[in-house]
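Undergrad: Structure provided below as structure tokens; questions to follow.
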Amino acid sequence: MDAGAQPPDTEMAEAGGGQQPPAAAAAAGAGAGAGMMENIQATLSHGGRFIQYNIFGNVFEVTAKYKPPILPIGKGAYGIVCSALNSETGEQVAIKKIANAFDNKIDAKRTLREIKLLRHMDHENIVAIRDIIPPPQRNSFNDVYIAYELMDTDLHQIIRSNQALSEEHCQYFLYQILRGLKYIHSANVLHRDLKPSNLLLNANCDLKICDFGLARTTSETDFMTEYVVTRWYRAPELLLNSSEYTAAIDVWSVGCIFMELMDRKPLFPGRDHVHQLRLLMELIGTPNEADLDFVNENARRYIRQLPRHARQSFPEKFPHVHPLAIDLVEKMLTFDPRQRITVEGALAHPYLASLHDISDEPVCSSPFSFDFEQHALSEEQMKDLIYQEGLAFNPDYQ
């Protein structure tokens, strides 16, 4: 992106009002930072080709080019994330360790999908994979280490902090999300899990979309497979188990995220499925019959028996939000996905006129192929596919 497109005052202080810097969120959507740790012991292994670190009692074993200091910056259900220096390139990276990555087939498939998708994509607003670190020995391949470009924080951390955000910040974040999403959708891919913690940021407000483990093709009919997208950002067609879904599901999520950014609290913080649907109808109103054409008869019956809600006035409910921003959000938060604004339509909306430049909003040169998922892969096949990805980054390693 042309640096000139950036608003002049988007240099951002560290979240948390000048105290501890925010967690350097890795592409795992890592949560809060684990704090700086000094004197982490490093031991060379496998004839000096690898280096082992002991972090939180976990062995972190990477190729020897990743030099100290290595710092834990996040922890999640998948494992641990550390920042490290690649001594060959001089670049700081975020390394995610996925421990026992092949124990659960669904998780292994998610890891493989994320690797293949991110290797296919090349865009300023999508986090890049820098390395898949091969195991010291192919026959004992259990843990997967993925190195991503390192970012300073994520949108969830910023929203929770006392970091002041100007209208220009929010506008610029929205623009970058849509710019990245245009590229993703052009590759025939739906992200399906957009939320603030999957939007990484650095101090000069560059934004990158991460976590493609739930991504799917836009033409897929096998609907709810492994579908666990965060409820608060879920489009109504997903809440109603619609058998068909489109790129419009991601647009709904972006509308929710933008309003959370403006309001500093989630727009629809549903406690469960039913509560989620109720919250969104309380704001945008009960849909009419024409808006329900896309859902099945069971879902239509269910909605008809719910208490009816009139649409609330967005300008009255959110008086602090710019009228053009309200207009765009209302077009994103449209119940019927067929009527919802597209990513291209959103980029061309007057609210983003100062940033929009169609010649600098690239699309993907070729659609992504999910063919590798067409057949049930064994654990060994998945290991081999990920191992081959590692060799692509490390051609000298055999």
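For all residues, glycine too, the Cβ spot is worked out from N, Cα and C.
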Undergrad: Can you check which of 1-26, 287-312, 365-390 Swiss-Prot lists as region 'Disordered'?
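TA: Checked against Swiss-Prot: region 'Disordered' maps to 1-26.
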Undergrad: Could you please provide the mean pLDDT value for the domain 'Protein kinase' (67-352)?
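TA: Mean model confidence (pLDDT) across the domain 'Protein kinase' (67-352) is 91.
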Undergrad: So, three-state DSSP: helix, strand or coil for D193 (active site, proton acceptor)?
TA: coil
